Amino acid sequence: MKILRKNHPLLKIINHSFIDLPTPSNISSWWNFGSLLALCLAIQILTGLFLAMHYTSDTTTAFSSVAHICRDVNYGWLIRYLHANGASMFFICLFIHVGRGIYYGSYVLSETWNIGIILFLTTMATAFVGYVLPWGQMSFWGATVITNLLSAIPYIGNTLVEWIWGGFSVDKATLTRFFAFHFILPFIIAAFVLVHLLFLHETGSNNPSGLNSDSDKIPFHPYYTIKDLLGVFLLLLALMTLALFFPDVLGDPDNFTPANPLNTPAHXXPEWYFLFAYAILRSIPNKLGGVLALVLSILILAAFPLLNTSKQHGLIFRPITQIIFWIFIANLLLLTWIGGQPVEYPFTAIGQIASITYFIIIIILMPVSNTIENNIIKL
């Protein structure tokens with residue numbers, strides 16, 4: 001078996017990626033989230049496939065088809081809630097994975113990091129089009145509000161919006177194409193994941209100390225397969241607890257009402273994992289400015305490798321940047337809270353301050369602290 005896995009053309013690839021892969025001996029539990037994201041993607045594709053068997057992408061029957069899945073399909077309610085809450089678990093793991101990358105300086109592996117940003121954007125797009133499919137009130141108005149933002153693009157904006165809608169409003173054509181996008185995008189994500197892993201295994205993984213670990217490597221299996229299994233069980237425990245005990249806690253009550261183009265909800269708000277970006281969008285009074293800030297709030301992650309001037313890898317021995325990093329996390333949580341609040345004082349003012357702080361930390365404070373710490377080392 002050992003000879004087969006090392007010589008067989010297909011098994012050899014799996015062997016070099018998951019069995020005999022030389023891995024730093026000191027990587028912590030923060031490195032578990034990559035495998036957990038792969039698990040989340042597998043759960044989402046599997047549950048999504050079963051949901052697609054019973055769902056109809058037509059404005060007249062979409063809402064009732066979701067109700068039919070929950071009421072009449074064997075364990076349909078479980079599949080639906082695993083899929084809905086699986087998306088939340090996916091984004092929790094994604095945020096932690098990106099946060100770990102920032103904290104431990106994984107962005108220096110620029111190819112892996114940039115593919116990761118593409119994965120992040122693709123996952124956000126998938127979640128957005130998926131949220132429209134149940135055709136509830138918040139689904140409909142979320143689709144209307146967010147797609148309408150494209151009209152801020154000069155010259156081609158209005159044409160682009162009508163092209164995406166497939167008409168002059170969000171209607172049957174929009175729902176059909178969103179279902180098509182939602183079905184195909186996870187497979188595109190899976191392809192990008194393979195590219196992400198390919199680039200990662202070209203350079204080898206980073207480690208918590210930020211030091212070169214070439215002299216201290218251990219095989220991935222059995223050490224990290226067992227360690228990843230613990231993460232898998234904890235994730236499944238959290239997901240099953242959410243799906244079985246609190247299935248609707250992260251959803252919006254407005255989505256229990258069928259979509260009505262003549263009745264606007266009191267507060268149109270996206271899913272919780274988009275609230276930080278939504279708060280940044282709302283904090284700028286100008287429409288085009290808001291859209292640019294929204295896009296930049298994600299694309300600014302690509303600036304980390306460019307703005308990094310530190311002589312050290314990661315933040316483990318850098319107390320000043322550590323403090324700035326945790327202020328950044330607190331600011332992100334504040335933006336998430338603000339995104340769910342109504343557009344009125346003092347929430348708008350707090351949102352504007354937090355949005356400015358978000359960009360200042362990444363563009364100014366972190367590079368400045370890098371320079372200060374470099375000078376301290378020289379002393």
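Yeah, the Cβs are placed from backbone N, Cα and C, and that goes for glycine too.
Now, the feature entries from Swiss-Prot:
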BINDING   His83, His182  heme b b562 binding site
BINDING   His97, His196  heme b b566 binding site
BINDING   His201  ubiquinone binding site
TRANSMEM  33-53  transmembrane segment
TRANSMEM  77-98  transmembrane segment
TRANSMEM  113-133  transmembrane segment
TRANSMEM  178-198  transmembrane segment
TRANSMEM  226-246  transmembrane segment
TRANSMEM  288-308  transmembrane segment
TRANSMEM  320-340  transmembrane segment
TRANSMEM  347-367  transmembrane segment
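Annotated pair His182 (heme b b562 binding site) and His196 (heme b b566 binding site), C-alpha to C-alpha distance, rounded: 21 Å. Counting Cβ atoms from all protein chains shown, His196 (heme b b566 binding site) has 21 others lying within 10 Å of its own Cβ.
Just so you know, of the binding-site residues His182, His201, the Cβ with the fewest other Cβ atoms around it within 10 Å is the one at His201. Around the Cβ of His83 (heme b b562 binding site), a 10 Å sphere holds 21 further Cβ atoms from the protein chains shown. With a cut-off of 8 Å on Cβ pairs spaced 6 or more residues apart, the transmembrane segment (320-340) and the transmembrane segment (347-367) reach 3 or more such pairs and are scored as touching. Using Cα positions, the member of the binding-site residues His97, His196, His201 nearest to His83 (heme b b562 binding site) is identified as His97. Most Cβ pairs under 8 A with the transmembrane segment (77-98) among the ranges 113-133, 226-246, 288-308 are made by 226-246. Counting Cβ pairs under 8 Å to the transmembrane segment (113-133), the top-ranked stretch among 226-246, 288-308, 347-367 is 288-308. A sphere of 10 angstroms centred on the C-beta of His97 (heme b b566 binding site) encloses 20 other C-beta atoms. In the three-state DSSP classification, His196 (heme b b566 binding site) falls within a helix. Residue pair the residue listed as 'ubiquinone binding site' / His97 (heme b b566 binding site) shows a Cα separation of 17 Å.
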